[in-house]
Amino acid sequence: VATPAMPSMTDAQVAAVKGDWEKIKGSGVEILYFFLNKFPGNFPMFKKLGNDLAAAKGTAEFKDQADKIIAFLQGVIEKLGSDMGGAKALLNQLGTSHKAMGITKDQFDQFRQALTELLGNLGFGGNIGAWNATVDLMFHVIFNALDGTPV
């Protein structure tokens, strides 16, 4: 998976993503479950969740992991359009920590595929261009960190 170029996001794109985010940020368990169900090869990376995805979904550990993902995305999305330095710091930190865990660009790309599909399923397909720009921005920074060259 190639590292995407750093996009320039318009104010309208930022507003669209932030508006959608307000409507879906409470869906962390569903987002994580959709990703892991679509790409089950990633489930073993979440060792504390056990061996059965369906059984794990209702556990406190699953909700805790989903909440961590949502909190991270919240931190980045709230900085869009106003604090790129802060967003990059969060993204570099995530890339560095996930490199240490052996997470690959392919696995991040699988998360993108699942998120894009889920956004469409939830009725947010009209803003998919804005979401793609947001994910390109995130992956530009994360992938550089995975490559050992944080930006």
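Cβ from N, Cα, C; glycine included.
Worth saying up front: this structure is predicted, and the values here are computed from it rather than measured.
Per Swiss-Prot, the features are:
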- 8-147: domain 'Globin' (DOMAIN)
- HIS98: heme b binding site (BINDING)
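Under DSSP, the residues of the domain 'Globin' (8-147) split into helix, strand and coil as follows: 114 helix, 0 strand, 26 coil. Cβ environment of HIS98 (heme b binding site): PHE108, ILE142, LEU146 lie under 8 Å away, each six or more residues apart in the same chain.
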